Amino acid sequence: MQTSIILGTGRFQAIRRLSARVRRLWYSAPETLRGGPLLSAIKLTSMTYRAGFEMDRRRSRFRRRRLPAYVVSVGNLAVGGTGKTPLTLWLARYFKNGGRRVAVLSRGYGRSGSAPGRVPSSGELSVLALEYGDEPAMLALELGDTPVYVGKHRWESGILAIESSRADLVILDDGFQHHALERDLDLVLLDASNPFGNGFTLPLGPLREPKAHLARAHAIVLTRAVEPESVARTRAQLDKAFPDKPVFAAQHILRGFHAGLGGAVVPLRSMVARPAVAFAGIADPKSFFSLLEALEIDLRMAFAFPDHHRPTARDTAALFDAVRACSADLLITTQKDAVRLPGFLRRVVCVPDLEIDFGEDETRFRRFLDRETRGRQAMPE
């Protein structure tokens, strides 16, 4: 049965339709891009973006600052979801278990506040998501006593983390393009199935910077490494361009669902064939809906909202109308979306419990991390 995907509600339908068209352009084969005045104008804009990016990168070299701590950056080359947040969680737990005093630094996209600060790990989540950003609020909820700090300028929030929490290792969430801060380890994530899209930089393509800039990375992590053929093809492409660059493959494993954010665990087997409505306001909502269908959930309707979208009263009404119209048992959303929801809605949704899994690459990845961080051990209390 084909899932009916609704592109948001009200004015957000136009935004999501435009977003879907842009993604089709970005991930089409380069040779299929037809000429014309509009495409020529977009190409010119893409060239201008690239020139501006290079200018900013060169300028940043002269004002880069170093924190008195080991700095690990988790970033990507393309816009959209590649799984930075699950890897950030994995790294924070790994380094903490190894005896490091870890702090996570996030920009706090879309937050209402402006001053750098620590994200509380408890409180009304929808309020915290508004003040600090949805991803930092989710990170703080998941990491508990591992501090998460937000701030536009990572050096300022990093100093705050070091002085307030005595952090000796900081993780930059989405840090590859943050040139103002020196880092000791740059990890870049790529989608194993289609790492570069059409190969162009914004706005003609999905790349934040050219492929050649992967030379700055210390290692590459291929996410969504599900199809062996895609992984092998992407590995071969990277090995040819960057022969000495370590490449690790990982995929996101669904451990189960929670009845409400942080609620009781619902086994996967109990979700099979149950009628459901889903919604997501993330960069690539279709991948989330496809995951649910792959689990054989009877997904009858799905709502795709703009990235970081905070549901309105109209959205909530549309969701409950869909549940009634489809005779659905379940209302499913992502963890990032759940932290933005008002309390009553957050308690009734089903939220997937996703983890990053390196499979056979895990031992090699752990050894790589240990080797890179050796000699920069935790400072004594």
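In case you wondered, yes, glycine gets a Cβ from its N, Cα and C as well.
What Swiss-Prot records for this protein:
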type	residues	note
BINDING	A78, V79, G80, G81, T82, G83, K84, T85	ATP binding site
A78 (ATP binding site), number of other Cβ atoms within 10 Å: 25
A78, V79, G80, G81, T82, G83, K84, T85 excluded, remaining Cβ within 8 Å of their centroid (ATP): N76, L189, D191, T223, A283, D284
DSSP-derived class (H/G/I helix, E/B strand, else coil) of G83 (ATP binding site): coil
Fewest other Cβ within 10 angstroms of its own Cβ, chosen from the binding-site residues G80, G81, G83: G80
Other CB atoms within 10 A, centred on T82 (ATP binding site): 25
Which of V79, K84, T85, all binding-site residues, has a Cβ with the fewest other Cβ atoms inside 10 Å: V79
